[in-house]
Amino acid sequence: MFQTAELEVGDTWTAAKGEQTGNTMTVSLASPPNAVIGRYLLSARPSSRRKHSDRKLGEFILLFNPWCPEDDVFLASEEERQEYVLNDSGIIFRGVEKHIRAQGWNYGQFEEDILDICLSILDRSPSHQNDPATDVSHRHDPVYVTRIISAMVNSNNDRGVVQGQWQGKYGSGTSPLHWRGSVAILQKWFKGRYKPVKYGQCWVFAGVMCTVLRCLGIATRVVSNFNSAHDTDKNLSVDKYVDSFGRTLEDLTEDSMWNFHVWNESWFARQDLGSSYNGWQVLDATPQEESEGVFQCGPASVTAIREGDVHLAHDSPFVFAEVNADYITWLWHEDDEKRERVYSDTKKIGRCISTKAVGSDNRVDITSLYKYPEGSRKERQVYSKAVKKLLSVEASGRRTRVRRAGGRGLWREDLLEPATKPSIAGKFKVLEPLALGHDLRLALCLANLTTRAQRVRVNISGATILYTRRPVAEILQESHTVRLGPQEEKKIPVAISYSQYKEDLTDDKKILLAAMCFVTKGEKLLVEKDITLEDFITIKVLGPAVVGVAVAVEVMVVNPLLEGARDCVLMVEGSGLLQGQLSIDVPILEPQERALVQFNITPSKSGPRQLQVDLVSPHFPDIKGFVIVHVATAK
């Protein structure tokens with residue numbers, strides 16, 4: 001309760017009387033910058049000599065305010081506020097380091113019921129259910145609120161929004177690649193009485209979290225890290241085991257390197273750490289590892305990650321490893337159950353860290369925000385500093401003796417020194433475009449780096465994989481023996497027919513080729529190639545787009561297969577362009593047929609809007625596309 005007085009922004013709520021006409025009075029309110037966010041009931045208490053009576057005026061919702069300099073979430077740049085708070089669509093980057101692809105995502109934070117749903121997420125958290133008063137009292141703090149949201153977007157501990165699935169089987173739910181935005185997911189969770197929505201993977205968790213945090217007024221963006229480490233034992237290295245054909249042996253380690261991983265960054269002050277760590281903070285809703293007994297991650301200061309300050313809250317060691325861990329490949333000898341180091345790479349992890357540009361759909365590389373240039377003196381100093389802080393070690397560059405917190409010692413045995421340089425070099429070369437539905441033609445190119453002849457035994461394997469690089473099914477295994485003359489180069493043809501991979505290809509459309517090469521003197525070379533199969537869809541808006549006026553859209557779809565495709569559906573979505581989702585049946589597509597599909601949209605909002613189109617088929621993985629529609633206001 002507070003009295004009307006002069007309106008000013010300070011440490012308390014203030015109210016001031018405005019114009020009065022008849023029995024109507026205007027009252028202006030000002031909240032303190034550290035007020036808790038959420039729903040407020042507003043009532044007035046007219047007073048007289050005889051009595052006091054409260055009159056309910058209604059309710060309002062208070063959000064974080066990135067336009068307010070005194071708010072912890074203040075962001076100075078108006079262009080960045082437009083992008084990271086008000087933009088209701090965006091780009092998520094996926095693929096592999098050398099083949100990065102853009103996927104549109106409809107955040108839709110201004111769509112119907114989304115704000116109510118976002119507040120419900122806070123209210124459904126265990127923290128609120130167990131102690132509502134204490135929980136609400138902390139909702140002024142973006143550190144607290146974002147950490148709660150990172151736990152609630154996944155369903156692992158708390159019947160949160162999205163249930164993860166990385167096994168490639170989605171029969172009881174929706175494939176993560178079918179989602180085109182957050183709105184349908186959040187509405188399904190809310191209308192389904194908070195039953196977790198099936199299924200999500202990292203970009204889905206990040207897309208939903210971006211929607212929720214932008215909706216609450218916190219500037220947030222989606223970030224993709226290529227060659228992302230999942231370091232389960234916290235020793236700042238990822239150990240990969242392969243057999244004599246280069247096939248990944250998952251049962252020997254829980255560590256992994258994902259082709260890409262997607263998380264969020266939010267912008268706010270770190271009152272708990274000090275102003276040096278203000279700015280972008282990493283948050284990750286993907287349930288990878290528990291933090292304080294809950295599947296949550298962050299906020300971790302990006303500055304702290306770059307400087308190796310891994311002792312700072314929250315979850316900095318895990319994030320540091322995602323972008324800085326060393327990658328060590330071991331050959332596993334099944335007969336005597338021994339391992340042999342094949343390769344050590346200090347530069348493979350944490351590549352092409354990417355986010356959408358402000359004001360455009362371009363990709364911006366922000367790797368330099370997370371770490372100093374690979375191999376530089378500063379980078380080595382930061383790595384050594386992080387190791388000392390995290391593992392209580394004596395470190396010299398990247399040669400470390402790790403002493404775990406429990407007292408056990410673990411010698412890294414100079415693992416991070418360069419492996420003996422092989423006397424041969426190799427790489428896979430693509431001979432024809434790698435297109436979905438077609439045979440794949442490549443060559444393994446081997447080169448003798450010495451002036452003496454060498455004999456090489458080559459074992460080649462191929463497997464369909466998920467984007468986490470987890471093998472799904474083996475589709476190729478063959479062996480060759482090659483004689484290389486002095487400094488000679490030779491090519492070994494590698495062919496994979498469509499029939500070999502069609503049944504086992506996942507929605508990720510990824511194949512991993514590996515060649516383990518054994519040289520006469522006992523040297524070993526592992527050559528790998530990540531393949532992402534291409535698809536094709538084009539979208540064209542046939543005329544100017546104006547608010548309230550229907551405009552035609554033409555989509556060209558292509559059946560990529562050498563066989564007919566039935567039961568294809570075009571799924572269309574776009575905030576400000578459509579109400580909900582549009583589903584269009586596509587006629588039977590003959591082998592490699594191109595077909596045009598037309599439909600109308602009636603924009604309801606002006607400005608640049610993102611229209612997403614998804615060709616869904618039981619015969620091949622989804623084919624996705626998007627286009628930016630510039631909508632003019634009605635005259």
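Residue numbering: from 1, along the chain as shown.
Here the Cβ of each residue, glycine as well, is placed from N, Cα and C on the backbone.
Listed in TrEMBL for this protein:
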type: DOMAIN; residues: 194-287; note: domain 'Transglutaminase-like'
type: ACT_SITE; residues: Cys202; note: active site
type: ACT_SITE; residues: His261; note: active site
type: ACT_SITE; residues: Asp284; note: active site
type: BINDING; residues: Asn324, Asp326, Glu374, Glu379; note: Ca(2+) binding site
Checklist line | Reported mean pLDDT - the domain 'Transglutaminase-like' (194-287) | finding: 97
Item checked: Least Cβ-crowded entry, counting other Cβ within 10 Å, from the binding-site residues listed as Glu374, Glu379 -> Glu374
Item checked: Glu379 (Ca(2+) binding site) versus active-site residues Cys202, His261, Asp284 - nearest by Cα -> His261
Note to self: Here's one to test understanding: among the active-site residues Cys202, His261, Asp284, whose C-alpha is closest in space to the C-alpha of Glu374 (Ca(2+) binding site)?
What the structure shows: His261
Checklist line | Minimum Cα separation from His261 (active site), reported as the residue among recorded positions Cys202, Asp284, Asn324 that achieves it | finding: Cys202
Item checked: Asn324 (Ca(2+) binding site) - helix vs strand vs coil (DSSP) -> helix
Next item on the list: Counting other Cβ atoms within 10 Å, pick out the least crowded of the recorded positions Asp284, Asp326.
Entry: Asp326
Check: At the level of the C-alpha atoms, what whole-angstrom distance separates Asp326 (Ca(2+) binding site) and Cys202 (active site)?
Finding: 22
Next item on the list: Using all protein chains in view, find how many other C-beta atoms are within 10 Å of the C-beta of His261 (active site).
Entry: 25
